[in-house]
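Trainee: I'd like to ask some things about the structure below.
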Amino acid sequence: RFIAKPCAINLGIQDSGPHRAQPNAILEKVFTSITKSPDGKRLEGLSKQLDWDVRKIQRWFRHRRNQDKPTTLTKFCESMWRFTFYFSIFFYGIRFLWTAPWFWDTRQCWYNYPFQPLTSRLYYYYILELAFYWSLMFSQFTDIKRKDFLIMFVHHLATIGLITFSYMNNMVRVGTLVLCLHDASDFLLEAAKLANYAKYQRLCDAFFMLFGVVFIVTRLGIYPFWILNTTLFESWELIGPYPSWWLFNGLLVTLQVLHVIWSYLIIRTASKALVRGKVSKDDRSDVESSSEEEDVTSNSTKGIFSTSSNGSNRLNGHVASGQWTGE
């Protein structure tokens with residue numbers, strides 16, 4: 001409210017919502033009680049009842065769906081908050097881990113386990129991350145609903161489970177590596193969203209491409225060959241299979257499966273960007289196009305990322321006509 005909102009206003013982002021549908025009691029009743037996206041048969045019936053053409057009714061439903069979505073200003077503030085946290089916690093983690101022996105030699109994660117000291121810097125790093133992911137778990141139900149809602153829900157559950165489990169079992173050394181690795185790309189995605197909301201399209205595309213490269217390198221390269229290697233093989237070799245070994249590695253492998261799914265979405269978006277010369281629609285977006293032509297062919301158009309990692313414009317947000325829509 002006191003930092004992000006003034007920044008957004010200085011960038012010319014207005015606190016104005018989408019075009020509002022004209023009041024109509026019959027259509028409002030259908031929208032709230034029956035369906036938000038009527039099929040062809042129902043559209044024809046409403047057309048006869050109201051003496052409106054089908055295209056006009058389709059447009060009314062599209063406007064009615066869009067008016068419930070948050071404004072660009074709201075999404076900008078949300079992304080700026082996430083960018084601030086991800087950016088700060090990532091560089092805090094890098095600074096802390098740079099002098100940690102297990103950052104350079106993962107076998108150090110298991111030497112003298114479980115009798116490893118828990119320093120105050122390590123403790124606060126863990127507690128901050130855990131608190132943030134709990135906040136994401138709850139806010140997910142109030143944020144814009146996206147196509148990857150279930151995947152994100154599983155991700156938050158697995159992350160909270162891993163942070164809590166590793167802390168209780170004093171596996172904090174390998175835990176810090178996992179946390180830092182995941183934070184490496186997140187702030188870049190939020191930066192891309194901020195640039196998109198501010199209508200700096202080239203900067204948005206550049207940040208998204210950089211995000212895609214970092215994401216794929218860290219999640220499909222470093223994570224399996226560095227993190228999973230030490231938790232699956234080095235730990236087995238140095239301390240043997242402990243009772244919770246299967247659960248711990250099961251959660252880590254679950255994260256890897258999610259990484260593969262997200263990498264596919266990113267690569268698909270990047271491929272479209274290369275073909276069109278700019279970042280195009282995001283398959284996770286919930287924003288609908290307002291073109292007249294779309295009224296004839298479809299009731300709505302979906303994108304990949306929404307304008308806020310929760311708006312319509314994201315990942316987690318790209319837009320129709322080559323712009324990011326509002327995750």
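In case you wondered, yes, glycine gets a Cβ from its N, Cα and C as well.
Just so you know, TrEMBL annotations never went through curation; they're auto-generated.
Here TrEMBL flags 29-72 as DNA-binding region. The annotation compositional bias 'Polar residues' is assigned in TrEMBL to 301-315. The feature domain 'Homeobox' is assigned by TrEMBL to 27-71. The domain 'TLC' annotation in TrEMBL covers 74-275. If you look up TrEMBL, you'll see 283-327 marked as region 'Disordered'. According to TrEMBL, the feature transmembrane segment maps to 83-103, 123-142, 207-226, 246-267.
Distances, neighbours, how buried they are, the whole picture for these features please.
Mentor: In the DNA-binding region (29-72), helix, strand and coil residues by DSSP number 30 helix, 0 strand, 14 coil.
Same-chain residues lying 6 or more positions outside the transmembrane segment (83-103) and placing a CB less than 8 Å from one of its CB atoms are 109, 121-122, 125, 128-129, 132, 173-174, 176-177, 179-180, 183-184, 186-187, 190-191, 194.
Same-chain neighbours of the transmembrane segment (123-142): 85, 89, 92-93, 96, 149, 152-153, 156-157, 159-160, 163-164, 167, 172, 175-176, 179, 310, counting only residues six or more beyond its ends whose CB sits under 8 Å from a CB of the stretch.
Counting only same-chain residues 6+ beyond the ends of the transmembrane segment (246-267), those with a CB under 8 A from a CB of the stretch are 148, 151, 154-155, 158-159, 161-162, 165-166, 169, 171, 178, 211-212, 215-216, 219-220, 223-224, 227-228, 231-232, 283-284, 304, 315.
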Trainee: Quickly jot the same-chain residues contacting the transmembrane segment (207-226) by Cβ under 8 Å, restricted to those at least six beyond its ends, or write none.
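Mentor: Cβ under 8 Å, 6 or more out: 106, 177-178, 181-182, 184-185, 188-189, 191-192, 195, 255-256, 259-260, 262-263, 266-267, 269-270, 273, 279, 318.
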